[in-house]
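Peer 1: Feature table excerpt (Swiss-Prot):
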ACT_SITE  43  active site, proton acceptor
ACT_SITE  70  active site, proton acceptor
ACT_SITE  190  active site, proton donor
BINDING   7, 18, 191, 212, 213  3-amino-2-oxopropyl phosphate binding site
BINDING   9, 10, 45, 50, 100  1-deoxy-D-xylulose 5-phosphate binding site
SITE      151  site 'Transition state stabilizer'
């Protein structure tokens, strides 16, 4: 049964729109946990457009579940991660002009550098995940580089409909099986919402789904704790 990681970046987006102190994403992480979140995910971007260093340090000290730190594999971020010591790090691609992460890491072109980055994090007892597109080549490189987890990018699945969405779902299912056979733990995320999450959650051996925007959007209408509870019930429905 898949677990739920709640991404709270969008809470920080609202705060940073006014460069003020509220809403505090640390407080909302507490509410997400009350709603049943199994982990809290934040993306500390190089430009600090939403989550700030202070948020990540406080989350590490206060949350009761696990902390998943998304970040680019830069020297600065590696040093920060080794100070914070999150439960795990998810390495993601990052472009300054993008609104949100647009695709998975290209592992093939960065094998040697990523081996060093992953090794450095593991030396600090941090488990490491790669955010990748559901492609067998990327999965094989994930294993070669030494990642513990992969997070499959579900953005294309979320954008499609009908038979095209079904084809993408099959690709995600096949990718999950390939990764499991290699000993990799599989997470998934990006674009998942209350309408499309069930089929991803029901994939055999899917470990965790990381979801943010749709939960926060629904929370504006019904409150964060309740919106997390509703998403958790969809993921864990037998």
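Here the Cβ of each residue, glycine as well, is placed from N, Cα and C on the backbone.
Can you walk me through where each of these features ends up in the structure?
Peer 2: Secondary structure from DSSP puts residue 190 (active site, proton donor) in coil.
Under 8 Å, Cβ to Cβ, and six or more positions away along its own chain, residue 191 (3-amino-2-oxopropyl phosphate binding site) finds 154, 155, 157, 158, 159.
Non-local neighbourhood of residue 9 (1-deoxy-D-xylulose 5-phosphate binding site): 25, 41, 42, 43, 50, 51, 212, each in the same chain, at least six residues away, with C-beta under 8 Å from its C-beta.
All protein chains shown were included, and the count of other CB atoms within 10 Å of the CB of residue 151 (site 'Transition state stabilizer') stands at 29.
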Peer 1: Whole-number answer please: how many Å between the C-alpha atoms of residue 10 (1-deoxy-D-xylulose 5-phosphate binding site) and residue 151 (site 'Transition state stabilizer')?
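Peer 2: For residue 10 (1-deoxy-D-xylulose 5-phosphate binding site) versus residue 151 (site 'Transition state stabilizer'), the Cα atoms are 20 Å apart.
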Peer 1: For each of the recorded positions (43, 50, 213), count the other CB atoms lying within 10 A of its CB, then report the residue with the highest count.
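Peer 2: Counting Cβ neighbours within 10 Å, the top one is 43.
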Peer 1: Would you list, in sequence order, the recorded positions among 7, 18, 70 whose CA lies within 10 Å of the CA of residue 45 (1-deoxy-D-xylulose 5-phosphate binding site)?
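Peer 2: Of 7, 18, 70, within range: 70.
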Peer 1: What recorded positions in the list 70, 151, 190 lie within 10 angstroms of residue 213 (3-amino-2-oxopropyl phosphate binding site), counting C-alpha atoms?
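Peer 2: Cα filter at 10 Å returns 190.
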Peer 1: Fill in the CA-CA distance, residue 18 (3-amino-2-oxopropyl phosphate binding site) to residue 70 (active site, proton acceptor), as an integer in Å.
Peer 2: 24
